[in-house]
């Protein structure tokens with residue numbers, strides 16, 4: 001009798017994707033983040049679903065409904081904080097996942113990489129709209145400032161902003177549509193993630209050395225399922241430590257004040273995971289220029305495969321490129337810090353220098369250093 005997992009159509013599909021999948025024998029813990037992102041997505045959908053049962057998308061009751069969830073709903077506080085901090089864990093895993101793709105040259109799988117960039121944009125849009133829903137001061141002003149950036153688009157900008165707002169300012173219509181989009185987008189993300197996996201399984205996984213591993217494959221189960229479970233336990237441990245000991249560590253105190261259109265907070269800033277892009281936006285004095293730089297800071301990932309000049313795929317044996325990569329990481333941390341600081345003397349200059357450095361590393365220095373390495377290795 002044939003094993004059911006190899007004969008049943010549905011089980012066969014799962015088997016080919018997660019059980020008998022041939023995987024390189026040398027992939028490291030950096031390859032755990034894909035499965036962790038899947039877990040984060042499931043966790044966010046489930047906690048979000050339970051929050052949506054009690055939340056009301058109306059400007060007069062949104063803030064109160066979140067308070068009600070935390071105070072009166074059974075275990076509402078833990079669901080709310082798991083959802084809020086789960087978003088932070090999601091972005092930590094996302095940044096690690098993208099960083100791993102850049103370091104080990106996984107971007108040469110162009111279809112998988114491009115779907116990944118689309119996923120990144122969709123997750124960022126979802127997180128932004130989710131931040132608006134509690135209707136605190138930072139929710140309201142964050143929504144006003146970020147949506148207002150679209151007015152920089154020539155000719156259609158103002159009409160576009162008013163169309164998104166559903167009126168002449170961020171109000172009830174805006175909140176209702178943001179809730180609708182925030183609810184539907186995770187399911188679109190799930191579909192895109194399935195396509196991401198589909199393209200990945202067409203080529204097979206990359207590995208740290210960057211060489212073809214067809215001659216040395218091992219089954220995904222039990223080797224990598226066990227490895228992924230360890231990563232999962234560490235993720236849940238970190239998340240629960242955050243939720244149970246300092247749930248507001250990554251939030252903004254201003255968001256505990258109900259939204260007031262008549263009172264602007266002294267310093268408007270988004271969640272920590274958008275601060276690097278926000279710092280790039282603020283470093284350019286021109287509005288349209290800032291918006292373009294903001295979009296390009298993420299969209300630049302799409303041209304990384306075109307700028308790959310090295311004869312080697314991975315950075316594993318390329319010390320110059322490694323130094324440059326870690327400088328890029330340090331630069332992104334600097335931008336994140338600057339994004340959270342007020343717009344005044346030393347921070348403006350640091351932000352501008354860090355922004356120039358960010359684009360210079362990716363567009364100019366990486367290709368040059370890769371070419372130098374080719375000559376040093378006589379390739």
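Glycine is no exception: its Cβ is also placed from the backbone N, Cα and C atoms.
As recorded in Swiss-Prot:
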type	residues	note
TRANSMEM	33-53	transmembrane segment
TRANSMEM	77-98	transmembrane segment
BINDING	83, 182	heme b b562 binding site
BINDING	97, 196	heme b b566 binding site
TRANSMEM	113-133	transmembrane segment
TRANSMEM	178-198	transmembrane segment
BINDING	201	ubiquinone binding site
TRANSMEM	226-246	transmembrane segment
TRANSMEM	288-308	transmembrane segment
TRANSMEM	320-340	transmembrane segment
TRANSMEM	347-367	transmembrane segment
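Feature map: Swiss-Prot annotations on the structure.
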| residue | record | DSSP class |
| --- | --- | --- |
| 83 | heme b b562 binding site | helix |
| 97 | heme b b566 binding site | helix |
| 182 | heme b b562 binding site | helix |
| 196 | heme b b566 binding site | helix |
| 201 | ubiquinone binding site | helix |
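Other Cβ atoms within 10 Å of the Cβ of residue 182 (heme b b562 binding site), summed over all protein chains shown, number 21. Looking only at the binding-site residues 97, 201, the densest Cβ neighbourhood within 10 Å occurs at 97.
Sequence-distant neighbours of the transmembrane segment (178-198) (same chain, 6+ residues past either end, Cβ-Cβ under 8 Å): 17, 37-38, 41, 44-45, 48, 52, 55, 57, 112, 115-116, 118-119, 122-123, 125-126, 129-130, 132-133, 143. Among the binding-site residues listed (97, 196, 201), 97 has its Cα nearest to the Cα of residue 83 (heme b b562 binding site). The stretches the transmembrane segment (288-308) and the transmembrane segment (33-53) are not in mutual contact, being linked by fewer than three Cβ pairs under 8 Å (pairs 6 or more apart in sequence).
With a cut-off of 8 Å on Cβ pairs spaced 6 or more residues apart, the transmembrane segment (226-246) and the transmembrane segment (347-367) reach fewer than 3 such pairs and are scored as not touching.
For the pair formed by residue 201 (ubiquinone binding site) and residue 182 (heme b b562 binding site), distance between Cα atoms is given as 29 Å, rounded to the nearest Å.
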